[in-house]
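Quick notes on the structure that follows.
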Amino acid sequence: MANKTSAFKVKSWPIHTLFFTIFLFINISVPKPWASATTLTISNKCSHPVWPGIQPNAGNSVVARGGFLLPPNKTHTLQVPPLWGGRVWARLGCSFDAAGKGECITGDCGGVLFCDGLGGTSPATLAEITIGADQTFYDVSLVDGYNLPISITPIKGTGKCGLAGCMRDVNKICPAGLQVRSREGNRVVACNSACMAFHLPNYCCTGSYGSPQTCGPTTYSRIFKRVCPRAYSFAYDDPTSLFSCSNANYLGWQLKSHAVMHIQQTPSDKVHAIH
């Protein structure tokens, strides 16, 4: 049997107590010649480990090999290019051997510790951010399902800089057909979206439903929207779910849970974390 370097069983903690909090401070003024790095500081304030997963948008670089173990009350700092975009999620209930192979109960990325550009297996709550030169877009999405609460709150900036996110425990109201249960089968650990559960065009906004005019909310997406009105509940849920900030020196996003990430654009010779 392979040596297990980090493992715990999901049954040892209730999902609703796990929150993944990320603070992002981003200098989004027009990039200066010396602005060649953005610092991300991720701190886990949970009482249990989390395994952050990071997937870059197309054309963006992979950072931190796409994932790592973050023990309770620990911090991890890394750098990304100044105009970076991608998604962040939390993997829960993971167990990896010394070679970095294993699995996670939710958010798994191919059974490896380092996602290296791979996305997480649904269902997983996603925090999506695209850092622009003068405008940054952000949202929290349940389109790929839900595994824990996340919210994004801008601290400064102009534009549609509202709170984005889902801070309710969707697992508690997840319809039977969407539920993902623990190995023991005794409780819900995640909640699929209808698209991920049934793969039908009207739920996935594909085929003849592939436009905002033909794809609207469904019975299932309305359940998500009622409890999480400021998160994406289906693909074209833009009006109340997509946010942007502009004309700011620093923007802050608080992705509520118990882990923290700070991001700041910094000179290449002076990289530091924000606290």
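Even glycines carry a Cβ here, placed using N, Cα and C.
Predicted automatically and left uncurated, TrEMBL annotations should be read as such.
A quick note: this is a predicted structure, and the numbers were derived from the prediction, not measured.
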Of the cysteines Cys94, Cys115, which is paired with Cys109 in the disulfide recorded by TrEMBL? Cys115
I want to verify the bond table. Which candidate from Cys161, Cys166, Cys174 sits on the other end of the disulfide that TrEMBL records for Cys228? Cys166
Determine, to the nearest whole angstrom, how far the Cα atom of Cys204 (disulfide bond) is from the Cα atom of Cys215 (disulfide bond). 8
Cα of Cys109 (disulfide bond) to Cα of Cys245 (disulfide bond), in Å and rounded, measures 30
Rounded to a whole number of Å, the separation of the Cα atoms of Cys195 (disulfide bond) and Cys174 (disulfide bond) comes to 14
Quick one: Cα separation, Cys166 (disulfide bond) versus Cys191 (disulfide bond), in Å? 13
Looking at the disulfide-bonded residues listed here (Cys161, Cys174, Cys205, Cys215, Cys245), whose Cα lies nearest to that of Cys104 (disulfide bond)? Cys174
